[in-house]
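Annotated features, as they stand in Swiss-Prot:
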DISULFID  Cys31-Cys79  disulfide bond
DISULFID  Cys40-Cys70  disulfide bond
DISULFID  Cys41-Cys53  disulfide bond
DISULFID  Cys80-Cys91  disulfide bond
CARBOHYD  Asn62  N-linked glycosylation site
SIGNAL    1-17  signal peptide
Amino acid sequence: MQFTIATVLSLLTITLAAPAAMERQVPYTPCSGLYGTAQCCATDVLGVADLDCANPPATLANATHFESTCAAIGQRARCCVLPILGQDILCQTPAGL
């Protein structure tokens, strides 16, 4: 009987000492699916083409960080289908912006 009480108290102590919530480290993916390329672009032409585009200069943490990173270099955050020589075809605003 004493062994059972000691075992239960030990398990209870371990359970209470564990962290209440485990924070998951999920990487931010700004663009997915067909529009899978994250870009910072200067000019949008009716959502069909974007001009003067480049990869974001920093690793992105969230949608707001993506927007501010591109804004810091005078460009807009975009998710594009096909980047070709600084011009991107079919772009849209990233989710969360």
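Every residue gets a Cβ built from N, Cα and C, even glycine.
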Cβ neighbours of Cys80 (disulfide bond) where a neighbour is any other Cβ within 10 Å:
23
Euclidean distance between Cα atoms of Cys79 (disulfide bond) and the residue listed as 'N-linked glycosylation site', Å:
14
For each of Cys31, Cys91, count the other CB atoms within 10 A of its CB; which of these disulfide-bonded residues has the top count?
Cys91
Candidates Cys31, Cys40, Cys91, namely the disulfide-bonded residues, that fall within 10 Å of Cys53 (disulfide bond) by Cα distance:
Cys40
Spatial neighbours, same chain, of Cys40 (disulfide bond) - Cβ under 8 Å, 6+ residues apart:
Cys53, Ala54, Asn55, Pro56, Pro57, Thr69, Cys70, Ile73, Gln75, Arg76, Ala77, Arg78
Could you say whether, by DSSP, Cys80 (disulfide bond) belongs to a helix, a strand or a coil region?
strand
Using C-alpha positions only, work out which of the disulfide-bonded residues Cys41, Cys80, Cys91 is nearest to Cys31 (disulfide bond).
Cys80
Distance between Cys80 (disulfide bond) and Cys41 (disulfide bond) at the Cα atoms, whole Å?
10
DSSP on Cys31 (disulfide bond), three-state: which is it?
coil
